[in-house]
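What follows is a set of notes on a single structure, which appears directly below.
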């Protein structure tokens, strides 16, 4: 804040520089002495004691350049993406899904079995929703017969073709039962009018009509060589020799209500019958009366353990004296019988009306068809009766089951008016004929898995 000193310091160097040529040595010595006396050890006013810090970074030179009229802002170039990689990726995705579709098409039967879906589904409009009827059968020549009200249709499982065999008059219908003869060419058709028709499917010709056998509808049929056993609502069971003019050869009497289930054993020596009187009878072939006018014949065994009608009957293929029977809505049980001793071996509550039973020909397994449940088809392990699988697809109760001649495939017809095929029992040793055509008639494909 010494103004005199400040003035001296500001003006003296300038004067000296301007008059550097005319300054005498004595005067120069005087100036240095005067500066030393006045300044002493003081430094320059407002001088930095240390060197100022360097800037952290140099600013881009473009900020200090003044743009000219000839300079323009550079245009941003578009980023290039390799198109070859995208194309290869799309081709890989296409190939993957094509291979997946091909695999599913080649192995649709295995996939349907693994996920428990029907292998094939056909429309069956007009099927009669009646627990006591037997309107489905599968013949040894791979023909499936199903009765839809007054019409009987045949579906060829070898080439997927469908044909109409017969349509009966409304006065005689509906068709209440069907059963293939052992050779797979002839089929018996039971009617609501109590008549039984015999048809030759190779020529689509009716061979004969059996009349007077029953007094009301014929709901169950079973073949034993040339003997056709019929069961009616009148409670009678009649053996008819279809080769004879007087066809009624033997009669079994024991049921007081409609006979809705008939099955001959594998040896053809024992007949199992189930009725709406909640009874199961075992008949020996030699015990039938040859005179229909005789009274009640003596059955081999009578089982009265069921609490409801018994329609489901199945003879075990690996144990000749083992019979499985299923009861109706008030019973809901599957029972196993030793037909030699007459003892009940086991009883399992399924929780639903048992409509049909089928044994696996190759494994110790049993398939049951039930009514009024979400999953009406159940595969059981015998003898533990542990559930192996529950088959999904039908939305209403299953009325009948039929097994393919080679064994692995099962057909089921239900009140939801569908006929479904299930590869539930595995693969047979003999390969099944491949389907060649697809028919879109009455059994048009509504769903294929």
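Yeah, the Cβs are placed from backbone N, Cα and C, and that goes for glycine too.
Sequence annotations record features per position, and here TrEMBL assigns domain 'CDC20/Fizzy WD40' to 122-422.
Each residue in the repeat 'WD' (168-209) has a pLDDT score, and their mean in this model is 96. As annotated by TrEMBL, repeat 'WD' applies to 168-209 (among others).
Residues annotated as repeat 'WD' in TrEMBL: 252-293 (among others). Secondary structure of the repeat 'WD' (252-293) per DSSP, as helix, strand and coil residue counts: 3 helix, 20 strand, 19 coil.
Residues or ranges marked as repeat 'WD' by TrEMBL: 391-424 (among others).
Residues or ranges marked as transmembrane segment by TrEMBL: 87-110.
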Near the repeat 'WD' (391-424), which residues from the same chain, at least 6 beyond its ends, have a CB less than 8 A from one of its CBs?
109-110, 112-113, 116-127, 129-131, 133-142, 144, 146, 155, 157, 184, 353, 355-358, 360-362, 367, 369-373, 375-379, 430, 432, 443, 446
